[in-house]
Amino acid sequence: GFFQSYAVEVDVKDASNATCLYAKWMMRFLIKYETNSSDYKNATLNLSSSVTHNGSVCGNDTEAALLAVQFGEGHSWSINFTKTNETYQGDFITFTYNTNDTAVFPDAKRKGPVTVVVKDTMRPVQLNNIFVCHNTDFFEAENVTQIFWNVTVQAFVQNGTISKKESRCRADTPTSAPTVPPTIANVTTAPTTTLSPAPTTAPKPVENPDTGNYSLKSGNKTCLLATVGLQLNVSQDKPLLINVNPKTTSADGACGNTTATLKLNDGNSTLIAFTFVVKNASASVQKFYLREVNVTLLNRLNGSVISSADNNNFSKWDTFLGSSYMCRKEQTLEINEDLQIHTFNLWIQPFLVEANTFSTAEECFADSDLNFLIPIAVGMALGFLIILVFISYIIGRRKSRTGYQSV
């Protein structure tokens, strides 16, 4: 469906009426909430046409800058920026939604404001540079997905003048040469001919996706490694298979001691987040596993949400902490009844990565089963060959004895 969303523009002034904090962006929120009948519904919260920015603060060398907006029936959003001698960056995002807004949250069981705080993963930006990101980014926490696009922001503006120097997000980095539009010079007009109707052919089957290599860093150290081919199976009017293209997919996320999230953005249209956690298998043994997957499909043209689904009850890809998990055969992750993810050539390590390489891999049962069957098949073939030789030998002996008796 199509959801209307408005662009927000905030120009914060200091005591001398000079710009000290500027931002312009678009955002949308997907929220799962509980109803009075104890089931769960999904709500979409968009910005209204009237947005205020009360409480925004310029910030200085010792105080963080704060960008705060209020909209709708008691909803608010803010981000604070910290500063070093050379850079600034987003710190924490705070989002408060009000379930008393019955137009957005009909029949909500919990009434009143609900606040969600999430760590911003924005990379440091040089002072006197403006941060620009046209592609879509998203954050997930506590049943809330925050989606942002067409972001332009500069904190700690110097001399009241917005900079013309841009720092682009990684997703905006071009991955291929631009398409040259047709012009009179490069268009050839073909002669008019009468063509017979093209023969009807069966639709070409979707091939397996290409395998992508993704990684996350914590400081200068790689903290997560992933190699995987991804294919989405969407059940709409007709089943739809969508391959995630590694060449147009950017990776982001966060690493922690017990939780890690890998977020993939394929060309501003497919957003997938994998969340891994650590568990205690025993008093002295720890394991990690995949706990949650969130998928959001967006309209490339207007950023509207086509489909969104998540499953936080997985217990997949379970292996010992300090090892990696591998499964070369196809696996299926059931997000919900209308959306599945197929994985191919999977190799993942979300914790304790050393020297930027995978640790020893624990293979999935399907791969182990395959490795077990290969020697059995070879042994059976050799056994069959031995039996065939033995039968040929017996037949040859009988023929030679029959010939001798005839003489």
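Here the Cβ of each residue, glycine as well, is placed from N, Cα and C on the backbone.
Owing to the predicted nature of the structure, the values given are computational and were not obtained by experimental measurement.
Checking Cys133, Cys223 against TrEMBL, the residue bonded to Cys169 by a disulphide is Cys133. Comparing Cys327 (disulfide bond) with Cys169 (disulfide bond), their Cα atoms are 32 Å apart once rounded. The helix, strand and coil residue counts that DSSP assigns across the domain 'Lysosome-associated membrane glycoprotein 2-like luminal' (209-354) are 3 helix, 102 strand, 41 coil. Every protein chain shown contributes to the tally, and the Cβ of Cys327 (disulfide bond) ends up with 23 other Cβ atoms within 10 Å. For Cys133 (disulfide bond), the same-chain residues 6+ apart in sequence whose C-beta sits under 8 angstroms from its C-beta are Phe148, Trp149, Asn150, Val151, Arg168, Cys169, Ala171, Asp172.
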